[in-house]
């Protein structure tokens with residue numbers, strides 16, 4: 001009988017962890033809908049139809065939009 005108490009505690013902890021993990025049990029998707037990952041956000045860009053004159057296009061975003069990154073400008077006086 002003393003073995004059953006740690007067994008039930010272990011099962012309870014595992015069930016709580018499975019509920020709290022994002023992927024669910026064995027990486028299966030839960031009922032929560034996640035937004036698709038946009039690689040443009042990794043570089044702190046923004047998805048637009050056209051880039052501004054101070055921006056450069058680096059990647060492509062979903063729906064055929066452009067990933068616009070701010071062009072690093074260093075003004076030096078000569």
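One is the number of the first residue shown, and numbering goes on along the chain from there.
Even glycines carry a Cβ here, placed using N, Cα and C.
Listed in Swiss-Prot:
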- 1-23: signal peptide (SIGNAL)
- 40-67: disulfide bond (DISULFID)
- 47-61: disulfide bond (DISULFID)
- 51-68: disulfide bond (DISULFID)
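Under the DSSP three-state reduction, residue 51 (disulfide bond) is assigned to coil, being neither helix nor strand. Within its own chain, residue 68 (disulfide bond) has 45, 46, 47, 48, 51, 52, 55, 56, 57, 58 as residues 6 or more apart in sequence whose C-beta sits under 8 angstroms from its own. In the three-state DSSP scheme, residue 40 (disulfide bond) is classed as helix.
Sequence-distant neighbours of residue 61 (disulfide bond) (same chain, 6+ apart, CB under 8 A from its CB) are 38, 40, 47, 67.
Put plainly, the disulfide-bonded residues 47, 51, 67 were compared by Cβ crowding within 10 Å, and the winner is 67.
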